[in-house]
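Undergrad: Pulled these from TrEMBL:
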{"type": "COMPBIAS", "residues": "B:454-469", "note": "compositional bias 'Basic and acidic residues'"}
{"type": "DOMAIN", "residues": "B:6-232", "note": "domain 'Cytochrome b/b6 N-terminal region profile'"}
{"type": "REGION", "residues": "B:438-469", "note": "region 'Disordered'"}
{"type": "REGION", "residues": "B:560-591", "note": "region 'Disordered'"}
{"type": "TRANSMEM", "residues": "B:39-58", "note": "transmembrane segment"}
{"type": "TRANSMEM", "residues": "B:104-123", "note": "transmembrane segment"}
{"type": "TRANSMEM", "residues": "B:135-155", "note": "transmembrane segment"}
{"type": "TRANSMEM", "residues": "B:167-189", "note": "transmembrane segment"}
{"type": "TRANSMEM", "residues": "B:201-224", "note": "transmembrane segment"}
{"type": "TRANSMEM", "residues": "B:255-274", "note": "transmembrane segment"}
{"type": "TRANSMEM", "residues": "B:324-344", "note": "transmembrane segment"}
{"type": "TRANSMEM", "residues": "B:365-385", "note": "transmembrane segment"}
{"type": "TRANSMEM", "residues": "B:405-424", "note": "transmembrane segment"}
């Protein structure tokens, strides 16, 4: 029954019923649109005035927000009341493959004079491109720290070592009496205070309360550990006085300093590495070696 | 008048009219959910505009610099150049804080709009053939948006962002075998390295935005080529798109949405403080802040890190650290599943047909249930990332909350998924119009196994002899137009463009409504010719305008000749532009 007929003598065509016809009250809408654009202009002037007077973030933000909101309302009213919306249809040819078209394209691609037909050449080209692609990755090596430096070794080593003195965050060397009882004191290796994996803390606890001795040993209850959480490396700086427990603010791992700084809650799975310390001949605290394990988050080659 | 001439002049040189006519008449579906992607697009425009402003002031360097300026607590302090310039931008550059906060809010809205757009595409099945390509492009844009959000968050080198960066570095280091190498490759050294901030900067302002803009162009190009999908409705088939035309209705509405997005972003940027880096202080490896929360779009990863138990294991003596499973594996699986979904679903449903009509979410209870369950899972993770704040608010021990979340993260998705499945089945079988009208009986009925239904993907057959359905064509001012009329359903839909011949109109209508009878109807009466008074007025008006313009030019020229030293010609004599407002009302359908 598909076909066309002439419908002669049909009556007057009735109005197209669009989903949303243009509003008959065009003039009312135009007044609203003009008002919205005037508000927008006022907002822009307000922003300029706020900027000119050095008037602060809030007024500048309000000015721009009013300017754009006025613009938005005006344009939306315009689109809604003065432009025909809805009720239109666009034909869609779809994407079902037309077999003859596909065949023609394939024929054009693989015609007798097509380079694609030369199999051996294609393979050689593929080899060259693959080699070139692989070679192009080599400059990535330059993004690594420096030739010969193995990242894994760098992660495992810190500036701490035998004889390195403990300094506080002002760079002053510490004596044992500078560490008050039951208080966390952040300590750094002298001369390398800014190193990312070096931060440690010293704390003085009652030796009798140790259920497991600190990994780095202790001087009459004074012990030092790495400050970096063994889960994801955040500094564990929340010390709960009296409990011997410290908490990481990032993921709430909690470590028990009285039990060898082992993790007792949260996602951390390894104890904080200890820092072996002694009192030097000059009376200042100093390390006798590096941390007892690599500090901070774990990695593949963590011992 | 001016637009008309300009268009003609351009067309004379570039012959754009065949393309432009189709482009201007392009039909966009009217459903609101099709605007979600546009919100993302306009947020991206806002991001680029505000971001360019910020680059003028930001100093991407870890070198020491003394901050001097309006924020007294830091005045004279030595920090990294990145941090000092961010504080200067916030306190000492006019409108700097506004633009910085607007930029940050735009990033949050950008990712949110992408996520909501993605769920809309997912639940309505818009990713099915032929749109898998755009799904892949879209998921890639989501990953790039996350990457750029995170690099931008980390660049100011404040304490909070430094801690966040350290966590990400730890997650990367947890990858077996190559983790430490990847982290070193990204940072150029051990965290925190000197190279870190310049590399974040180049990634944030150059690499990722360029890739995003390229992919957005591809995304939109594919949409234009494939045309929009649409929800089922009267007159909507697999062979057409029903809605509003680009010009004028949709263009105005879309520009209005653009302005709305900017208005909301600037209101947020001006009124709602975000990321006050001067309060956090500069990053130092031994310092930390509490509470420490990331931006919302990475919070699911942070929540997973918090909830995961302290499990580390060794492979042949090598450690696989705790962040590996919740960080790398969960993130990797999430995006793998997103990329693979269209193909997995096609494998399971064996539906290989192209689809232009969308599903209502209830049409696919299984898909709906999986989507709802996964969304619930990630929502619990996002909430869990704030467990320390919740613990403080609720006055509950944080570890009690942690254990509660560890249970909820598995229980809630199963419950919500099952509920969504039942609700979808009940809606599909019962007569409730929406989820609010579902009764207990409906839900009970939905528990019974489904009766055998006809295959979902039976090819749509052209309508045969559907009574009251026809295509009408008519001429109007020398062009042909057509419309589809469905008398029983009382719907009339007009073809989107004027065509040059009856044949063109007939073949367009046949494409949109295959198998529907076509009739030629008389066109609407031509508009009455303007009366003699109006014609004369218009003619005289034009002549007067042209004359005064001429007089103005002559006057101007003479004045300039008399005073050659004064080279500033003022446009005083210029007449009002000749313009005729009352064009004959042509086009736009019969009246």
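All residue numbers here begin at 1 and follow the chain in the order shown.
A Cβ is built for glycine as well, from the same backbone N, Cα and C atoms used for every other residue.
What's the neighbourhood like for these features in this structure?
TA: Remote same-chain partners of the transmembrane segment (B:39-58), defined as residues 6 or more beyond its termini with a Cβ less than 8 Å from a stretch Cβ, comprise 82, 85-86, 88-89, 93, 96, 99-100, 102-103, 106-107, 109-110, 113-114, 117, 155, 201, 205, 209, 212-213, 216, 257-258, 261-262, 265.
Residues of the same chain lying 6 or more positions beyond the ends of the transmembrane segment (B:104-123) and with a Cβ under 8 Å from any Cβ of it are 33, 36-37, 39-40, 43-44, 46-47, 50, 135, 138-139, 141-142, 145-146, 148-149, 152, 261, 264-265, 268-269, 272, 274-275, 295-297, 338, 341, 359, 361, 367-368, 371, 375.
Through the fold, the transmembrane segment (B:201-224) approaches residues 26, 41, 44, 48, 51, 55, 58, 60, 131, 133-134, 137-138, 140-141, 144-145, 147-148, 151-152, 155 of its own chain, all at least 6 residues removed from its boundaries and within a Cβ separation under 8 Å.
Within the chain carrying the transmembrane segment (B:365-385), a Cβ under 8 angstroms from the stretch's Cβ atoms is held by residues 119, 122-123, 125, 293-294, 296, 299-304, 306-307, 345, 359, 402, 405, 408-409, 412-414, 416-421, 424-425, 428, all 6 or more beyond its ends.
Sequence-remote contacts of a segment are chain residues at least 6 beyond its ends whose Cβ falls under 8 Å from one of its Cβ atoms, and for the transmembrane segment (B:405-424) they are 303, 306-307, 309, 361-366, 368-374, 376-377, 380-381, 383-384, 387, 435, 438, 443, 446-447.
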Undergrad: Grab the same-chain neighbours of the transmembrane segment (B:324-344) for me: Cβ-Cβ under 8 Å, and only residues 6 or more beyond its ends, written as numbers and ranges.
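TA: 118, 122, 127-128, 132, 135-136, 139, 142-143, 171-172, 174-176, 301, 304-305, 307-308, 311.
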Undergrad: Please indicate, using numbers and ranges, the residues of the same chain that are 6 or more beyond the transmembrane segment (B:135-155) and have a C-beta under 8 Å from a C-beta there.
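TA: That would be 58, 60, 82, 86, 103-104, 107-108, 110-111, 114-115, 117-118, 121, 127, 161-162, 164-165, 168, 197, 200-201, 203-204, 208-209, 211-212, 215-216, 218-219, 222, 275, 294-295, 297-298, 335, 338-339, 341-342.
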Undergrad: Over the domain 'Cytochrome b/b6 N-terminal region profile' (B:6-232), work out the mean pLDDT and round it to an integer.
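TA: Average per-residue pLDDT within the domain 'Cytochrome b/b6 N-terminal region profile' (B:6-232): 95.
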